[in-house]
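Asks: Structure provided below as structure tokens; questions to follow.
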Amino acid sequence: MPPPPLSLPLHGPAGAASVTFAGDEDVKKRVGKKLQKKRHEPTTPAVELPERLKEGDDAGEEDLVPTQGPPMFMNMNQSIFGLIAAAGSRVDFHDRFESSDDESADEGPQRDSADRSHSSSTHGLFLHRKQRRRDESDVAKTTVLNKDPYGSGKPEKHKRKISGHKLLRSLPALPRLPRHKSKKESSKLEPPSEEASDGSGFAQSQPVDEAEDDEDDKDHRLAPVMSRMLEAKAEMSARPSFDVERFSSDQLTYSESADSNDTALARRLQDIFEFDQPEAVIEEYPCWLLQSVLLQGYMYITAKHICFYSYLPKKALEVVKSGYLSKSGKRNPKYNRYWFRLKGDVLSYFKDPSNVYFPSGQIDLRYGISASVTDKKDGLNFTVVTHHRTYHFRADSAPSAKEWVKSLQRVIFRSHNEGDSVKISLPIENVIDIEDTQMLNFADTCKIRVIDNDETYAIDEYFFSFFSFGKEAISVLKILIEDASSTAKDAARLKAVQEEEDRQQQQQQQHPMQPPMQASARSSMSGSRRAIAPPKLTTNKLPEAVKATLSPMSAHSPSALSPRASMDAARASFDAFRSFRRRSLDLSTIIRDSSPRRSFSGNRRSMSRNRLDDQRRGPHQQGSTDSYVQSSMEEPSFSGMVASSIEDPSASQILRGSDVFQNPTMRRSGSASRTEVEKQQRRDPRSPPTLATYSGQHAATAGSLNDGDKQPVTPTLQSITKMGAFPLQRVGAFAEYLNNTSSKLGSMLATESMGYVEKVSGMWRGGRKHYDAPPEIKTDDEDLYEDAEGKIQTSMDRFRAHFALPETEKLQATYFGHILRVLPLYGKIYISDKSFCFRSLLPGTRTKLILPLKDIENVDKEKGFRFGYSGLVVVIRGHEEIFFEFGQAEVRDDCAVTLLQSLETTRYLEKIGDLDTEEREDEENAMAERDALKEARQTEEFHDHDVHLPKETSGVSDAPTILFDDPKASFLNFKPPQPLKITCLTIGSRGDVQPYIALCKGLLAEGHKPRIATHGEFKDWIEGHGIEFAKVEGDPGELMRLCIENGTFTWAFLREANSMFRGWLDELLVSAWEACKGSDLLIESPSAMAGIHIAEKLSIPYFRAFTMPWTRTRAYPHAFIMPEYKMGGAYNYMTYVMFDNVFWKATAHQVNRWRNNTLKLPNTSLEKMQPNKVPFLYNFSEYVVAPPLDFSDWIRVTGYWFLDEGSDWVPPQELTDFIAKARADEKKLVYVGFGSIIVNDTAKMTQEVIDAVLKADVRCILSKGWSDRMGKQGEEAVDQPVMPPEIHVIKSAPHDWLFSQIDAAAHHGGSGTTGASLRAGIPTIIRPFFGDQFFFGSRVEDIGVGICLKKWGAISFARALWEATHNDRMIVKARVLGEQIRSENGVDSAIQCIYRDMEYAKSLIKRKAGKNIQVEPDEDEESAEESWTFIGNDEPDPDMTTKKLSEMPTLPGSSDTKPLGTRIMRVSPSQQSVA
């Protein structure tokens, strides 16, 4: 037995390593202690057996066939370095510049003497504001509502300060594309709309926050002198208004002393949309925002605003949809089939759905623009357009393509909105007009055109659809706008006259000695100059701008329902409710990856950026063209590009073009908080742009991509003092560094990126790099070079882009090494705070690994496979280990320590429930916000305005995608309007009938009328559940005896059945026809043989359902023809072809005769029936049998159909006492029961079970059902062995209750029993007898949750019992699998699949009915076979195979015959690639 994995010693909080740093002498002396141990085998490690189980010979025991192949043996010596300190390296000044660390924004208290010269009140206010700002949440996420004394009385969490957010920034003032925004802005008393939002969701709460962060920034980095001079000059002019703004903003809080006359709804709307004061609510209507989708929400019409609110939660961790699609390559037009998974904002595709850690590719839908069906004829092809490229897909059916498109549209729409709700606030004074439009046939729609703000008067359009109250709502809106328009005109005229009078009076005061004529002339000239601009009288200054979390439709959009109508605008960059933790686009990624598409935002946003620049500069900045401090997170060349694209460069701009003359932009952060990580800012220096100018081809570059955040240029005394606070002791070290590493100075001054040779040499040199080292490891000086070069943020952006991870993912370290799968593959390892990733670097390879840290169990250090390499084994929960190799032992040790620390941190956060705190709080606050609005609506007079759904849209094929306020709601409801008479036809044992009882109970709950047609002995059981019963002839006991003696449906079975059961088959067919009459839908186990013909006769939809694979696939062999060894995809596929042909040829004569005589149908054949096109429901879990890659879209793996009967079952007192005694004795408790299996010698099997239980030293609950079935006639009764006290015999017990009481289960391996034991999360021992039991035994063993016995006897069974109760690895894997199975609801999934595929099933029946009308009974018609059938020059011919098989005496079901398929068939490479 190999020693247990050795975990490295962890000390300190969250598993922080205790690392000691010394000088060169200590580094040279460090030695790692090496221990030797064997490499883990890739299969489940064997547990050392006790001596009592080692003794004994099992050579005479019964061999159970088919058996599995021999386990692969691996011998890998392991070496473990126990000293963590040995992995560290000496830290000196030079080493700090070589490594890369994330910056910290929490070093504010470490201020120099110059900072402390500020007044104590200012400094104290700064600290108070800084702490308060951390606690504030942005409105983009949610409004944390105050307690309403007049409302529901729900407890409030905390009071928000409205000024903390300046809700709803001006839409045109926001960038087209996200970017990291500088916080050094002029802090003026400006309206709430005059601040842009941050591209990464880090919106500035208000100007004072920006100034505070400005102070914070300068404390954490050492800027070059030029940059600090510019910074000081810029800060001076901001200082006076800065102080005023802070004072005023601190006083501006929402008080609950609002006017008592204000309604609860008005106060809620004030909170959510941040009005200056509560506004009277005129009307409220349920409506739908119409863009590329329909979004359900509510419109609130107040005295001054038209507001729209919709609850739209994110689904970051939820798998929205999964299934198979075909995808064409970027350069290869051929379609390849993959398994796709739409999770969160990422569409991933895999070659193997069971290995979700290795995606073949990913599509980040945060960059998505549109998704649409392109093939209008067949409706199978659709595309997804992103900023980077267009992806082409093909579905198996038109409904599947439409479902995928709608799901993708929903995700794209959600990702373009910031936060968990959509909020739009349209000031009534900004509205131009309201127009009735006929956009939808089933709803009243109005178009509202609004002026974005009073800078450029850009026009936006919003479309709202009403399924009820539409005429009334539009009428109210029109009346309101007309009244507001007339009032505004009068106010504008009065204001203009008043301003002119004030101006003349002011001139008289300034020039008292001036002759009246000259003064009058001057004033008249000045007045005429103003009079030239007509907007003075017609377009007065608007009090506020349009505010929204979602980009509007452009007024120049050719079609409001264009796929790009809402996506042309960038992500939610118009988001005035900007979130602090943005989980969307990142500017640097846009700049690098999609520069050619940067002009997609159009010129309007470019103008709005210029407006914002001019607006923010204010009167103090208009005359200045001096440079402003620039801080960029981009490559050095980007800053210069922006400057040159706007104007001729001045000297100051030339200096700004190089990052060495800029403020460092990164601060190392020891915190994983996204709020701190995203304080990476950039500033864009430009001269004041002309109002409403168009930048042409630089629209996105000069406009939406740039912040335009200008700084005043007048220096202040405080900032000049700060400038001199540069620690002189650091200057010498910096100079030494420049002398010793002069080659790197060029990279700091130059604007071009790293060369190809430098990149490649660094890649092959290997090594490691840390991005988030603890503060005790690196000093404050270390981030100087890193920040100046700007590499940290770039590395994090590239890491997230490589693996399509959210922006909350924070890179911690990278390593170069090899991953070992088939051959060593060189690549790069990434460790973040939530994931462990790998990316191959060899040309021609695209291997990626994305492994969540929560799925990793442990990390072991071993010797490598190759000489001189050091190995690392990542042990994954419920998955095989993954092996890595490193060229250097210290790199391997560093990787192990970092990964173990991250694991400990993750486990600790998960334990205290703090792993996803931010996301959870966002969701809870959004729900509270939604509930508060709902409650306020109910108390108003608008409670009768309920949502009316457009039910007629179900028949509109081109209706837009619909998003519901309820995240679980869906318009994709295929439920039939009328209840159906559904018949389930099956034969076999109790395990074959039980799943149908569970399904029928679900159908009963849906309002349908189910019926089960099966053997008569199950009548009472079925009717006991309130289900109708219909009898089908046949004796399941005799059928089981035939299967055990001859194998299940083997040639020997069919040959004997033909000789002995001809009458039985005729009776089965006739009784099945009688039992199914009057049905509207037929669901059949294919072993019943009659259903497909009955459905054809009745012209009703037909489904198949079974407990084991019956559909042709290369992934698994047919469950009735399991080989002794794994034979590969070609053999697996041929087992289905062979079985279909043998099974049909053995019964074709009787079936066709029955069709002619009873059903009055012509003869048929396999080609005409096309059984593999029938929709199929598999009632097992995808976690047990992963859906094969070559399953068609109509083949569904729904999950187990469990019939839980244990809730009302009362266990006998003897049983509960036995269980309690076993627990008291601290003995393992197992269940042994082989169901209703027929055995030749019941006494012998019982004695073997007794001996095995005693040898394994366990307690056993025995269900001895095998002795209760029929035996051979004429045999004398044999005395049964006496049961020892360690065994308690029961007649029966519900599996769901019993398996929850025990430690392991041993049974025959039937599908239902296997599912029950796996759902309980306990190891499973399978002793297969016949049929699918061998298949499920192999699956249980393959996934590592149990044992499939190869031999049967007391010794083998005792060893299995002991291992199942003592193997920790197996126990943990079984527990994990149990959690996954319990999360499924197989019955509900099956019912939804029936609804979804109903039309497809009807189309098959109609097609067959049409053929029968035209075809004569004996005509041999050629029909098209399934399009997914694999055809190749090496594929065996099915007819020839059938002919050969008919000449064989028996098939692999018999124990005395060598299994079929021991010859490996030659297959083409194309066929192997599909397997």
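Numbering starts at 1 and runs along the chain as it is shown here.
Heads up, the Cβ atoms here are built off N, Cα and C, so glycines get one too.
What Swiss-Prot shows for this protein is this:
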REGION    1-73  region 'Disordered'
COMPBIAS  8-17  compositional bias 'Low complexity'
COMPBIAS  30-40  compositional bias 'Basic residues'
REGION    94-218  region 'Disordered'
COMPBIAS  108-118  compositional bias 'Basic and acidic residues'
COMPBIAS  156-168  compositional bias 'Basic residues'
DOMAIN    270-315  domain 'GRAM 1'
DOMAIN    318-413  domain 'PH'
REGION    492-541  region 'Disordered'
COMPBIAS  505-531  compositional bias 'Low complexity'
REGION    594-636  region 'Disordered'
COMPBIAS  621-634  compositional bias 'Polar residues'
COMPBIAS  653-674  compositional bias 'Polar residues'
REGION    653-715  region 'Disordered'
COMPBIAS  675-686  compositional bias 'Basic and acidic residues'
DOMAIN    798-901  domain 'GRAM 2'
BINDING   S989, R990, D992, A1293, H1295, H1308, S1311, G1312, T1313, D1332, Q1333  UDP-alpha-D-glucose binding site
REGION    1413-1475  region 'Disordered'
COMPBIAS  1416-1425  compositional bias 'Acidic residues'
Asks: What is the Cβ neighbour count of H1295 (UDP-alpha-D-glucose binding site) at a 10 Å cut-off, with all protein chains included?
Replies: 25
Asks: Could you state, as a whole number of Å, the largest distance between Cα atoms of any two of S989, R990, D992, A1293, H1295, H1308, S1311, G1312, T1313, D1332, Q1333, the listed UDP-alpha-D-glucose binders?
Replies: 23
Asks: Which residue counts does DSSP give the domain 'PH' (318-413) for helix, strand and coil?
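Replies: Taking each residue of the domain 'PH' (318-413) in turn, the totals are 19 helix, 45 strand, 32 coil.
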Asks: I want to verify one value. Collapsing DSSP to three states, which class is H1295 (UDP-alpha-D-glucose binding site)?
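Replies: Going by the DSSP assignment, H1295 (UDP-alpha-D-glucose binding site) falls within a helical segment, counted as helix.
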Asks: Counting by DSSP, what is the helix, strand and coil composition of the domain 'GRAM 2' (798-901)?
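Replies: For the domain 'GRAM 2' (798-901), the helix, strand and coil counts are 22 helix, 50 strand, 32 coil.
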Asks: Hey, what's the Cβ neighbour count for D992 (UDP-alpha-D-glucose binding site) at 10 Å?
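Replies: I get 22 for this one.
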Asks: From the DSSP assignment alone, can you count helix, strand and coil residues within the domain 'GRAM 1' (270-315)?
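Replies: Residue counts in helix, strand and coil order: 4 helix, 27 strand, 15 coil.
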Asks: Take the domain 'GRAM 2' (798-901) and average the pLDDT across it for me.
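Replies: Looking only at the domain 'GRAM 2' (798-901), pLDDT averages out to 87.
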Asks: According to DSSP, which of helix, strand or coil covers S989 (UDP-alpha-D-glucose binding site)?
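Replies: DSSP assigns S989 (UDP-alpha-D-glucose binding site) to coil.
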Asks: Which residues of the same chain, at least 6 positions away in sequence, have a Cβ lying under 8 Å from the Cβ of S1311 (UDP-alpha-D-glucose binding site)?
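Replies: Sequence-distant Cβ neighbours: G991, P995, T1107, M1108, N1179, F1180, D1332, F1336.
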Asks: Indicate whether S1311 (UDP-alpha-D-glucose binding site) is helix, strand or coil by DSSP.
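Replies: Assignment for S1311 (UDP-alpha-D-glucose binding site) reads helix.
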Asks: Please identify which of S989, T1313 has the densest Cβ environment, defined as other Cβ atoms within 10 Å, among these binding-site residues.
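Replies: Of S989, T1313, the one with the most crowded Cβ is T1313.
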